[in-house]
Amino acid sequence: MYYIGHPSYYRKHIEHVCFQHSGILKKRNYQKNQKKYIMKLNESAMKNAEKKSNSYLAIRMTRSGYNYFKGICVCTFLLSTILYLGIAVIMSHLCVFDDTAMLYLRQNRSRLAESNIFRTLFISWIRWDAIYFVDMAVNGSLFEQEWAFSSLWPKIISFLAFRSKDVVLLGIVSCFASIFFHAIACYALYLLTKSIFSNQKMTAYTVIFYCFSPSGIYMSVGYTESLFAAFSFLGLLLFIKKQQYPAAFLWSLATLIRSNGIFWCIFFGMPAIGTLKISLERLQLTFMQVSQLVGYGTKCLIILVPFFYNQYLGFKLFCPGVAWCNKSLPLIYPAVQEKYWNVGFLRYWTLNNIPNFLFALLSIIPILFALFYSISGSTLHSFRSIKSHLVLSALYLYIGCFHMHTQVLNRMSSALPLLYWSMAHATLYAKSRNLKAFGHCILFVWIVYTVIQAGLYGSFLPPA
């Protein structure tokens with residue numbers, strides 16, 4: 001122990017004070033570091049919370065955007081359908097060129113015809129080919145020319161009408177069935193476009209172009225176009241999901257509805273040609289290639305069998321009593337088309353049909369545009385099965401221009417998705433302003449035409 005004044009006492013005292021002071025400093029540094037750590041934790045927590053809120057907002061915005069574009073598609077479908085059918089009803093009262101629907105109604109008794117509403121709907125919506133389908137639903141295919149129409153569609157109408165023979169009921173049921181299948185076709189095209197392009201805006205514009213396509217009112221009355229489009233788009237949706245046999249089955253049903261359904265074989269024929277090309281280049285045919293070719297051939301047969309079976313039934317019923325039975329390929333469908341509608345190569349190229357060619361330009365020009373736009377450097381060029389779509393569209397264009405009543409191309413092209421994709425893509429994403437303007441112009445012209453077309457249909461005026 002040291003007394004006060006001893007040098008060692010002061011040294012110990014100084015050490016003690018320094019020790020206490022260093023402890024205070026350490027404590028203060030610890031508190032500062034702790035505060036900094038807490039601040040860092042708070043900052044990271046805030047950042048994480050902000051990220052979560054941003055992701056939540058992004059999800060909400062994505063969902064709201066999805067619902068927005070989906071709502072546009074639904075509204076477009078409802079608006080176009082109601083508009084066309086309403087105009088047809090109005091025009092059927094203002095100006096009627098032909099009384100065939102009324103005469104047919106007088107020849108066939110109907111309880112529903114006693115109601116003014118049902119009678120008005122029948123004489124407004126049942127025109128042209130729709131009368132054939134109603135009559136076939138009542139009596140079956142009695143006449144040779146009726147074999148140019150689908151035998152499945154009248155059976156569907158009859159089934160939905162509970163096998164009734166009431167022509168008014170059958171006619172109205174056929175229209176509402178068409179509207180239903182038109183809705184399915186719209187939704188299938190929506191899902192198909194969304195699956196391929198993953199772009200909601202592109203999907204919505206595709207559906208808008210489809211709803212206002214030149215097929216117009218024929219998608220909502222007792223015609224086969226809407227059912228054919230539904231089977232076609234559903235088949236394509238399964239095809240891109242690599243469910244090829246179900247796709248082939250749906251396309252075979254499309255062939256039962258319209259004979260041009262056989263062209264869906266292109267989607268199996270093109271890969272088969274590619275496989276053969278590879279085998280020829282390598283001068284060998286492997287087991288896997290053989291199995292692929294057999295698979296493609298089987299799928300093509302699934303699509304073709306309904307068409308040729310229907311031709312066989314016609315041959316069995318009418319032959320050997322008619323001239324076409326003696327042909328090398330005795331098919332009833334092309335025979336009655338030639339006999340009753342003068343269908344054949346360049347037979348429609350007459351001066352009096354120039355107006356019908358002008359009507360057909362509504363489809364011819366956009367299809368030509370779709371072909372060139374898809375081949376060019378657009379995004380569509382990289383689409384996997386673009387070659388099959390190009391061949392299908394080119395084939396439709398060739399047959400429509402040179403082998404049939406050209407204005408029918410406006411209806412037949414309703415099941416060409418490439419047409420709507422190219423128009424929608426050009427309208428939204430084309431680099432050239434002229435191409436964007438062209439897309440908007442086509443949409444405007446289609447809307448104007450379909451409104452006029454609905455009025456002409458209600459008045460029983462061409463084009464049909």
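Each Cβ is built from the backbone N, Cα and C atoms, and glycine gets one as well.
Note on the topological domain 'Cytoplasmic' (1-70): its mean pLDDT in the predicted model is 54. Under the heading topological domain 'Cytoplasmic', Swiss-Prot lists 1-70 (among others), citing sequence analysis as support.
Taken from Swiss-Prot, the feature transmembrane segment covers 71-91 (among others), and the record attributes it to sequence analysis.
Taken from Swiss-Prot, the feature topological domain 'Lumenal' applies to 92-166 (among others), supported by sequence analysis.
According to its DSSP assignment, Asn108 (N-linked glycosylation site) is coil. For Asn108 (N-linked glycosylation site), the same-chain residues that are 6 or more apart in sequence and have a Cβ closer than 8 Å to its Cβ are Val138, Val167. Taken from Swiss-Prot, the feature N-linked glycosylation site applies to Asn108 (among others), supported by sequence analysis.
Feature annotation from Swiss-Prot assigns N-linked glycosylation site to Asn139 (among others); the stated evidence is sequence analysis. In this chain, none of the residues that are 6 or more apart from Asn139 (N-linked glycosylation site) has a CB less than 8 Å from its CB.
Sequence-remote contacts of a segment are chain residues at least 6 beyond its ends whose Cβ falls under 8 Å from one of its Cβ atoms, and for the transmembrane segment (167-187) they are 73, 77, 81, 85, 104-105, 108, 110-113, 118-119, 121-122, 125-126, 130, 133-135, 137-138, 156-158, 160-161, 207, 210-211, 219-223, 225-227, 229-230, 232-234. The annotation transmembrane segment is assigned in Swiss-Prot to 167-187 (among others).
What Swiss-Prot records for 188-219 (among others) is topological domain 'Cytoplasmic'. Beyond the topological domain 'Cytoplasmic' (188-219), the same-chain residues lying 6 or more positions past its ends with a Cβ under 8 Å from any Cβ of the stretch are 65-66, 69-70, 72-73, 76-77, 80-81, 84-85, 87-88, 178, 182, 225-226, 229-230, 233-234, 236-237, 240-241, 362-363, 379, 383, 410-411, 413-414, 417, 419-421, 423-425, 427-429, 443, 446-447, 449-450, 453-454, 457.
Sequence annotations record features per position, and here Swiss-Prot assigns transmembrane segment to 220-240 (among others) based on sequence analysis.
Residues annotated as topological domain 'Lumenal' in Swiss-Prot, with sequence analysis given as evidence: 241-260 (among others).
Here Swiss-Prot flags 261-281 (among others) as transmembrane segment, drawing on sequence analysis.
What Swiss-Prot records for 282-289 (among others) is topological domain 'Cytoplasmic'. Residues in the topological domain 'Cytoplasmic' (282-289) partition by DSSP class (helix H, G, I; strand E, B; coil) as 4 helix, 0 strand, 4 coil.
Among the features that Swiss-Prot reports, transmembrane segment is placed at 290-309 (among others). Outside the transmembrane segment (290-309) by six or more residues, the chain places 244-245, 247-249, 251-253, 255-256, 259, 261-262, 264-265, 268-269, 271-272, 275-276, 333 with a CB less than 8 A from a CB of the stretch.
Annotation source Swiss-Prot lists topological domain 'Lumenal' at 310-356 (among others).
Around the Cβ of Asn326 (N-linked glycosylation site), the number of neighbouring Cβ atoms within 10 Å comes to 9. What Swiss-Prot records for Asn326 (among others) is N-linked glycosylation site, and it gives sequence analysis as the kind of evidence.
The feature transmembrane segment is assigned by Swiss-Prot to 357-377 (among others), with sequence analysis given as support. For the transmembrane segment (357-377), the list of distant contacts is 214, 383, 386, 389-390, 393-394, 396-397, 400-401, 406-407, 409-410, 413, 416, 418-419, 421-423, 425-426, 435, 438, 442, 445-446, 449, 463: same-chain residues at least six beyond its ends, Cβ to Cβ under 8 Å.
The topological domain 'Cytoplasmic' annotation in Swiss-Prot covers 378-388 (among others).
Looking at 71-91, 220-240, 261-281, 441-461, the range that has the most CB pairs within less than 8 A of the transmembrane segment (389-409) turns out to be 261-281. Residues of the same chain lying 6 or more positions beyond the ends of the transmembrane segment (441-461) and with a Cβ under 8 Å from any Cβ of it are 80, 83-85, 87-92, 94-101, 124, 127-128, 208-209, 212-214, 216-218, 221, 362, 365-366, 369, 423, 427. Beyond the topological domain 'Cytoplasmic' (282-289), the same-chain residues lying 6 or more positions past its ends with a Cβ under 8 Å from any Cβ of the stretch are 275. Across the range of the topological domain 'Lumenal' (410-440), the DSSP-based residue counts are 27 helix, 0 strand, 4 coil. Within the same chain, residues 150-153, 195, 224-225, 227-228, 231-232, 234-235, 267-268, 295, 299-300, 302-307, 310, 333, 396, 399, 412, 415 sit at least 6 positions outside the topological domain 'Lumenal' (241-260) and bring their C-beta atoms closer than 8 Å to a C-beta of that stretch. For the topological domain 'Lumenal' (310-356), residue counts in helix, strand and coil come to 29 helix, 0 strand, 18 coil, using DSSP.
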